[in-house]
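Going by TrEMBL, these are the annotated features:
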- 34-52: transmembrane segment (TRANSMEM)
- 41-495: domain 'Major facilitator superfamily (MFS) profile' (DOMAIN)
- 137-158: transmembrane segment (TRANSMEM)
- 164-192: transmembrane segment (TRANSMEM)
- 204-225: transmembrane segment (TRANSMEM)
- 231-251: transmembrane segment (TRANSMEM)
- 302-322: transmembrane segment (TRANSMEM)
- 342-360: transmembrane segment (TRANSMEM)
- 367-388: transmembrane segment (TRANSMEM)
- 400-425: transmembrane segment (TRANSMEM)
- 469-491: transmembrane segment (TRANSMEM)
Amino acid sequence: MGSLSEPTPESNYSKPPGIRFLEYIKGTKLSYKTHQAIVLIVTFLAYASYHATRKTTSIVKSTLDPESSYVGLKFTPWRTSYLRNQLNFHGKLGMAGLHLRTRWYSIAWRTRRCFLGVYALGMYFSGQLGDRLDLRIFLTVGMVGTGLFTSLFGVGYFGNIHSFWYLVVQMVAGLFQSTGWPSVVAVVGNWFGKSKRGLIMGIWNAHTSIGNMTGSLIASALLSYGWGWSFVVPGLMIVFIGLVVFLILPVNPESVGTDKENDELHSPKKIGEGVTEPLLNSETVVKEKAVGFITAWKIPGVAPFALCLFFAKLVAYTFLYWLPFYTTHTAIDGKYLSSTTAGNLSTLFDVGGVLGGILAGHISDRLGARAITAASFMYCAIPALFFYRSYGHVSLTVNIILMFITGMFVNGPYALITTAVSADLGTHSSLEGNSRALATVTAIIDGTGSVGAAIGPLITGYISSTSWSAVFTMLMAAALIAGLLLTRLVVAEVAAKIEESRSQGGSASRFPVQALEV
């Protein structure tokens, strides 16, 4: 009973050294609940650090804007002082400094496009690799690589490098970044059944917003010391957390020599007309084999949710990367905000996103309807976007309230689809208990969404030069399309609910005694 058991021979993963040490100190195996807590905490910190490194570019980009200190009402003493002390590589305020600042702004703008493009492409390959390799090692390599290349981009500031070839550094960072999401969702999916997955993963998904807020605050605080530090420090942070992942993250129950609890093994899955089946049948031994890319696409529900996420992430990432810039170029109560204030203010969008993700997960658990929940949130995002554009300039208080509400409705379905929905589909009944499709399905859904995440900010760069109202019109149209793409699934869920209600009502009226006994 008290001996330390090794991973089963069927396991493709080794027990983390940190887990071995904790069990040695304790003298017995860690409980299943303890392992679940470790998984949630470690993967939360891991992906929060991924997002912290992504957010820095949007903060630095708004500061490098060549017009922000020279055009009309956008002139402020703070910006002039900042330009003089930090952004002029040669220490002389003038056309030479402005030229270099313009060049770095152009690099920062192209960096974001290249980063998201490589990230989206790399996601598809990362899912396939994640289902075939030790996820703990795979995630560690991805985090260390992300940190090193993110820091290296910041080194360009200190090394006086302002050449476009340096974009390669961020492209490589984007490739390493693509390892994160399929890995963390697969690990969490291995440890948690479907019954409360929406709520648990909704709370857990706060790492996205926490990471964005952390990245914004760190990058904004370090701007006064030179924008290079805004890349270097988050890069070092993710390397450190990557080492923690290597030391302590248990990939699945088999890797630490424990069995899934009954709730996780028999998490019910609806198969129609109120009938349920176990998600994983403990009596059936399945030889797990990684699922192919095309096979994963054919899993029912994968394609509609992937395409929905394309438009949902288009909206979310446009806000993620352009909100600080938008708030510095839009007068709020007749005043223009500094880059630091705008960066701090933009974190409220992510705070709303935290609440939205939790609400979407909880509601979808209670209703047992992921598509209805996601579509409803996307439709609610349309008026939220309209009101933010129309009335966000009235006062700072109104801007804060509307930004929070917009973040809640925009990030809610995005969080639900990339977490609980991906995990559900990665353990779909058509896979016959084979959980080694989790990373691939997650990569397909989020990879497709990431294409939208790359296109949205790109289109915004061109449209915003003409009209910000046109940008918001585009975002509202994208939210509408995202909701419509789930129409078939919504209709199916509504029909299933009606049928389930009828069958339960009929059985209760015809067999009242049996219904009570059940």
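Heads up, the Cβ atoms here are built off N, Cα and C, so glycines get one too.
Values in this document were obtained by computation on a predicted structure and should not be read as measured data.
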Among the recorded stretches 137-158, 342-360, 469-491, which has the greatest number of Cβ pairs closer than 8 Å to the transmembrane segment (231-251)? 137-158
Within this structure, do the transmembrane segment (342-360) and the transmembrane segment (204-225) have 3 or more Cβ pairs under 8 angstroms, counting pairs 6 or more apart in sequence? yes
Positions whose Cβ lies under 8 angstroms from the transmembrane segment (367-388), at least six residues beyond its ends: 198, 270, 304-305, 308, 312, 315, 356, 360, 399, 402-403, 405-406, 408-410, 412-413, 416-417, 420-421, 424, 472, 475-476, 479-480, 482-483, 486-487, 489-490, 492-494, 497
Residues of the same chain, at least six outside the transmembrane segment (302-322), with any C-beta under 8 angstroms of its C-beta? 54-55, 57-58, 61, 112, 116, 212, 296, 349, 353, 371, 374, 378, 381, 385, 406-407, 410-411, 413-414, 417-418, 421-422, 425, 441, 444-446, 448-457, 460, 464, 471, 475, 478-479, 481-483, 485-486, 488-489
Give residue numbers and ranges for long-range contacts of the transmembrane segment (137-158): same chain, 6 or more residues beyond its ends, CB-CB under 8 A. 46, 49-50, 53, 56, 111, 126, 129-130, 166, 169-170, 172-173, 175-180, 183-184, 187, 226-232, 234-239, 241-243, 245-246, 249
